[in-house]
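Notes follow the structure.
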Amino acid sequence: MAAGRLFLSRLRAPFSSMAKSPLEGVSSSRGLHAGRGPRRLSIEGNIAVGKSTFVKLLTKTYPEWHVATEPVATWQNIQAAGTQKACTAQSLGNLLDMMYREPARWSYTFQTFSFLSRLKVQLEPFPEKLLQARKPVQIFERSVYSDRYIFAKNLFENGSLSDIEWHIYQDWHSFLLWEFASRITLHGFIYLQASPQVCLKRLYQRAREEEKGIELAYLEQLHGQHEAWLIHKTTKLHFEALMNIPVLVLDVNDDFSEEVTKQEDLMREVNTFVKNL
């Protein structure tokens, strides 16, 4: 128990002092003081479905919104403890690449680290522009929930996580999410839906080095996990707050990176969805 308390204190440490005073200096007639807190959403979808393109489009269309990107760079460059400055950082390796190369060896390590990095992102104090916004909106690129119900769950089902690793991961995941429940609330999911074949084509186009060994079968597995959770509602969930969160499903099978009309349609749907939350 002592070790658990120490772990929690360290996880809270970067945020606790800031979390007590994020509203200082904000007029009581503006921003969060004016009423409800930010509407918080998560963008979900398969590997290479187009999340990065979608995030850029969101940022351009709604600059007043805060969009937190997936911490992929952190996974690609694990730094030794105590070497926070980039110029002196000692890299311990590319964990994302290690996981794809040897999933049976590194999946548990990767999922533990990816979950913690996502949790830290969702625990960050609200940035100034959210505090000043009349209708604040915060959007995350994936969430602590998809970390478990999509990726970790799939790794267990395809044999990359052992029974004991899956049990331990779920235990930590549940404990930490219950501990921080009030600070990681989400109000909606935006599901970018595309076929595994389309995702594979886009994966080849972006040519991320770590992903060159990914096959269609893996993308089909992840597609099935997304559909079960967000469409068919057959995934067994362990958090009551997740049960009734609305889902906006956006068909992104057609390339929208250069198609202005498609972009406008997508942004219009997102705006309507957010307004109704």
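Positions of Cβ are set from backbone N, Cα and C atoms, glycine also.
As given in Swiss-Prot:
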| type | residues | note |
| --- | --- | --- |
| TRANSIT | 1-39 | transit peptide |
| BINDING | 45-53, 206-208, 254-256 | ATP binding site |
| BINDING | Glu70, Tyr100, Gln111, Arg118, Arg142, Asp147, Glu211 | substrate binding site |
| ACT_SITE | Glu141 | active site, proton acceptor |
| MOD_RES | Lys275 | N6-acetyllysine |
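Taking the features listed in Swiss-Prot, we show where each one sits on the structure.
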{"residue": "Ile47", "record": "ATP binding site", "Cβ within 10 Å": "18"}
{"residue": "Thr53", "record": "ATP binding site", "Cβ within 10 Å": "18"}
{"residue": "Glu70", "record": "substrate binding site", "Cβ within 10 Å": "19"}
{"residue": "Tyr100", "record": "substrate binding site", "Cβ within 10 Å": "19"}
{"residue": "Gln111", "record": "substrate binding site", "Cβ within 10 Å": "24"}
{"residue": "Glu141", "record": "active site, proton acceptor", "Cβ within 10 Å": "21"}
{"residue": "Arg142", "record": "substrate binding site", "Cβ within 10 Å": "21"}
{"residue": "Asp147", "record": "substrate binding site", "Cβ within 10 Å": "21"}
{"residue": "Asp254", "record": "ATP binding site", "Cβ within 10 Å": "9"}
{"residue": "Phe256", "record": "ATP binding site", "Cβ within 10 Å": "21"}
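Within the set of binding-site residues Lys51, Asp147, Ala207, the entry lying nearest in space to the residue listed as 'N6-acetyllysine' is Lys51 (CA atoms). The full span of the recorded substrate binding residues, Glu70, Tyr100, Gln111, Arg118, Arg142, Asp147, Glu211, taken as their largest Cα to Cα distance, is 20 Å.
Rounded to a whole number, the C-alpha distance linking Val49 (ATP binding site) with Asp147 (substrate binding site) is 16 angstrom. Annotation for Gly45 (ATP binding site): spatial neighbours Lys51, Tyr191, Leu192, Gln193, Ala194, His226, Val252, criterion Cβ-Cβ under 8 Å with sequence separation of six or more. The binding-site residues recorded for this entry are Glu70, Gln111, Arg118, Asp254, Phe256, and the Cα of Glu70 lies nearest to that of the residue listed as 'active site, proton acceptor'. Mapped onto three states, the DSSP output places the residue listed as 'active site, proton acceptor' in strand.
Of the candidate binding-site residues, Thr53, Ala207, Asp254, Phe256, the one lying closest to Asp147 (substrate binding site) when CA atoms are compared is Thr53.
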